[in-house]
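Chemist: A single structure is presented below for examination.
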Amino acid sequence: MLLCVLKIYIIFCLVNDGAGKRSEVRGRTKTYSHNSRGYFRKERGMGKNKILLVNTKGFDQPHIGQGSFGLVAELFDSTRTDTSRKEPDINKVKLFSTAAHANKSSRNIGIFRRKAFNGSRRNIFSRQPFNKRNTDVTEKPGAKMFWNNFLVKMNGAPQNTSHGGKPQEIMKEACKTLPFTQNIVHENCDRMVIQNNLCFGKCISLHVPNQQDRRNTCAHCLPSKFTLNHLALNCTGSNNVVKVVMMVEECACEAHKNNYHQTAQFNMDASTTLHN
């Protein structure tokens, strides 16, 4: 009889011990974070404001603290009932790792730098379009083309035939008046130095071959406005020497339709000096 009572007592104790363990397991409230490196779990028997940090990476002994994690969470109430096994999403603790965030930022910076380097390298080594217009040498109509067209015109071509030269290029003349220092010299006389002007430039000339009257039209840069001055030189002797000098004021291109052209005579020597 005593043996039966002892067996019943042992069975009753075992049943109560298993039921207590199951209720303790059900009473625990677990909260997991969305981070794969760890989660937080709140124990019912640990107090009101204590959080148990469980490291899921190594599954070592749990420790209480914050570690290297930044936590923004709302603590659960310790007086929660055992009937609520499922927890709503609003009570879950969101956890992020500062180290993982730093690694992600460094990876993003590295990707941005690689993209920028590749873009700059493409800009440097990109093929530039070949511009054929810049390589071609532009040939302007010169004297040869003008002469050939002129010969065609003079050999029986119609009167309205146009030549290849441009009027701006054909009629381009340059006749300038340049100042210089002129020396008047004579034998047994002192040298006289005066300030005068000379004519320098490019004018149009025209020669028509195979013509009976041999008409030539030439234009020369000649004085268009001048004065004649008589200069008396200081000489050693009884004879007085007077020189007639053309004092040039303006120059222009003048055409002559003769076989010869008139040139102006200047009393100049090798020591003549031009002034710019």
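Backbone N, Cα and C atoms are what each Cβ position is placed from, and that goes for glycine too.
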Chemist: With Cys189 as one half of a disulfide in Swiss-Prot, pick the other half from Cys218, Cys221, Cys235, Cys251.
Modeler: Cys235
Chemist: Looking at Swiss-Prot, which one of Cys13, Cys199, Cys203 makes a disulfide with Cys253?
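Modeler: Here Swiss-Prot pairs Cys253 with Cys203 via a disulfide bond.
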Chemist: The disulfide recorded in Swiss-Prot for Cys199 goes to which of Cys218, Cys251?
Modeler: Cys251
Chemist: If we check Cα distances from Cys189 (disulfide bond), which of the recorded positions Cys175, Cys203, Cys221, Asn234 wins as closest?
Modeler: Asn234
Chemist: If you count Cβ atoms within 10 Å of the Cβ of Cys221 (disulfide bond), leaving out that atom itself, what do you get?
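Modeler: So the Cβ neighbour count for Cys221 (disulfide bond) comes to 20.
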Chemist: Relative to the Cα of Cys251 (disulfide bond), which of the disulfide-bonded residues Cys175, Cys203, Cys221 have a Cα no more than 10 Å away?
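Modeler: Close disulfide-bonded residues: Cys175, Cys221.
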Chemist: Check each residue in the chain of Asn234 (N-linked glycosylation site) that is at least six apart in sequence and keep those whose C-beta is under 8 Å from its C-beta; list them in sequence order.
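Modeler: Looking at Cβ-Cβ distances below 8 Å from Asn234 (N-linked glycosylation site), excluding near sequence neighbours, one finds Cys189, Asp190.
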Chemist: Taking the domain 'CTCK' (175-259) alone, what is its mean pLDDT?
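Modeler: Summing pLDDT over the domain 'CTCK' (175-259) and dividing by its length gives 83.
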